[in-house]
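Here is what TrEMBL says about this protein:
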type: DOMAIN; residues: 8-95; note: domain 'Prepilin peptidase A24 N-terminal'
type: TRANSMEM; residues: 50-68; note: transmembrane segment
type: TRANSMEM; residues: 75-95; note: transmembrane segment
type: TRANSMEM; residues: 101-118; note: transmembrane segment
type: DOMAIN; residues: 108-212; note: domain 'Prepilin type IV endopeptidase peptidase'
type: TRANSMEM; residues: 125-144; note: transmembrane segment
type: TRANSMEM; residues: 150-167; note: transmembrane segment
type: TRANSMEM; residues: 187-212; note: transmembrane segment
type: TRANSMEM; residues: 232-253; note: transmembrane segment
Amino acid sequence: MLLFIFISGSLYGSFIALLADRYSPCVPLPCSLRALIAPPSFCVQCHHPLTWFELIPVISFILLRGTCRYCRQSLPAGLIYAEILTGLFWVSVYMLLPSPLQWAAAILNYSLLYLLAITDRRYMLLPDMIVFALLWSGLLLAPAFTYPDLYSRLLGVCCGYLFLYAANLGFRYCRQREGIGEGDMKLLAAIGAWGGWQSLAPVIVIASAYALCELIFRRKLMASFRDSLPLPFGYFLSIAGACWFLIQNLSILPTAL
């Protein structure tokens, strides 16, 4: 059963990766949705259409050794990461959550956070349409979960936004420039709508630690790196939000403090 769920999750991961790849905040939503249907999947290097065999998640990547069958150029590594991580996420959700409604809610949460992470990484932009979809779905689906309750989620929305807003005010006072985008404030509020106010501190710690590791990594490997280059903090917040959602639902951990 777990193998079937992993395969299903990998197929969905391939789809969500395609959606993230073809989505652009610079074009109207109907155009982005049409891009899911046409053109068919193709190699980004030689633009040769891919056959059904080459679209099998994980297996095709391994059998083709991570290269295109036609031009022998390397395939995007992010694709197999998305397939494996989504498959593992589906297995985790199946094992942690008791009801199909909660499974669907968890998959929705993961999908929106994935799209936000990729969009912020690529465009340094967090579209309001996706952020507000994440926020309202977290509030509307509150009855499906016993924890956190709706009050904690509403408090999480308010505190999430106000915390980063205050942090940005302090940064602007010290450095005379903006340090945190408004999209990041809205995103943390949306994460609070899912995890409640209790999730804010862990999410910020995880996101900040990940961002700090990447900053150190960039400084070590990139001679031309400048401190003034912005980091897509929404990318790190999205990953931290997805991780904490699973941690919060681990039955072996106390979630109500």
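In case you wondered, yes, glycine gets a Cβ from its N, Cα and C as well.
The transmembrane segment (101-118) is in contact with the transmembrane segment (232-253), judged by 3+ CB-CB distances under 8 Å for residue pairs 6 or more apart in sequence.
Long-range contacts of the transmembrane segment (232-253) within the same chain, counting only residues at least 6 positions beyond its ends with a Cβ under 8 Å from a Cβ of the stretch, are 89, 92-93, 96-97, 106, 109-110, 113-114, 116-117, 120-121, 124, 126, 147, 180-181, 183-184, 187-188, 191, 194-195, 198-199, 202-204, 206-208, 210-211, 214. If you count C-beta pairs under 8 angstroms between the transmembrane segment (125-144) and each of 75-95, 150-167, 187-212, the highest count goes to 187-212. According to DSSP, the domain 'Prepilin type IV endopeptidase peptidase' (108-212) comprises 88 helix, 0 strand, 17 coil. Averaged across the domain 'Prepilin type IV endopeptidase peptidase' (108-212), the predicted model reaches a pLDDT of 93. Counting only same-chain residues 6+ beyond the ends of the transmembrane segment (150-167), those with a CB under 8 A from a CB of the stretch are 135, 138-139, 142-143, 179-180, 184-186, 188-200, 204.
Same-chain residues lying 6 or more positions outside the transmembrane segment (75-95) and placing a CB less than 8 Å from one of its CB atoms are 2, 5-10, 12-14, 16-17, 20, 43-44, 57-58, 61, 64, 66-68, 102-103, 106-107, 110, 114, 242, 246.
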